[in-house]
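Enquirer: Pasting a structure below so you can have a look.
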Amino acid sequence: MDGGGSGPAPNAAHTAEEVFRDYKARRAGMIKALTTDVERFFKLCDPEKENLCLYGYPDETWEVTLPAEEVPPEIPEPALGINFARDGMNEKDWLALVAVHSDSWLLSVAFYFGARFGFDREARRRLFSLINNMPTIFEVVTGAVKKQQAKEKTPNSSSKSNKPSSKQSRAESRSKAKVPKDEEESGDDDGDEEAEEHDNTLCGTCGTNDGKDQFWICCDNCEKWYHGKCVKITPARAEHIKQYKCPDCTNKRVRA
């Protein structure tokens, strides 16, 4: 066991974006363990075995195994003995607990690299900002991401004028489309709050808000936002769509 993967090379110059890519890959592997691969994960966490840990790796894979033997370990270690509580708790509660510890581990690994690479205050702030713009593993596992999306959709339901018109370019930034006109005219007093709200907008397909500078499109039916690449819509194609319906809304109509 190499302590959860080596991560970025220690002898090269690094940026917050590089450390974030390592964080994101490890996170993806751990989410797989607690969602799509949950049955296999559950079986591997046998309470009769020794102290086990859940590791996420830079290649987006995961592993349940014993902790690193070297002292001190190469990188911070995840929570020890996650298998012992498996049969003593409700399964959902146990998975949520593992998710919380996994989030803590990912943060500790990311800022370990930040300290090791000599990040200054601005680089640390940038790293935390990148991480904070993504849902936590706990939010994904417990379904809090979907609840957050529902809350973010509510302000838009009060006025249809907030959505882009058929003649308006679909390639406009999502922030412009989400800000009501009266708020735009009121000045910059609430600029920070608006920016934070826009940063928290999640793609209805992949559940992340990566690529804020990329093309996004809003469903005219459910008003959820999507990465163009996630729903296979390009800016050029969007120009010719009078009313866009996302895959979920389209499928519901077909079933009806």
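From the backbone N, Cα and C atoms, a Cβ is placed for every residue, glycine too.
Caution: TrEMBL annotation is automatic and unverified by curators.
Keep in mind the model is a prediction, meaning the values are calculated, not measured.
From TrEMBL, for reference:
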REGION    148-199  region 'Disordered'
COMPBIAS  155-167  compositional bias 'Low complexity'
COMPBIAS  169-181  compositional bias 'Basic and acidic residues'
COMPBIAS  182-197  compositional bias 'Acidic residues'
DOMAIN    200-252  domain 'PHD-type'
Enquirer: Could you tell me the mean pLDDT the prediction assigns to the domain 'PHD-type' (200-252)?
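Expert: Across the residues of the domain 'PHD-type' (200-252) the model's pLDDT averages 84 on the 0 to 100 scale.
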Enquirer: With DSSP as the yardstick, break the domain 'PHD-type' (200-252) down into helix, strand and coil residue counts.
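Expert: Breakdown, helix to coil: 14 helix, 6 strand, 33 coil.
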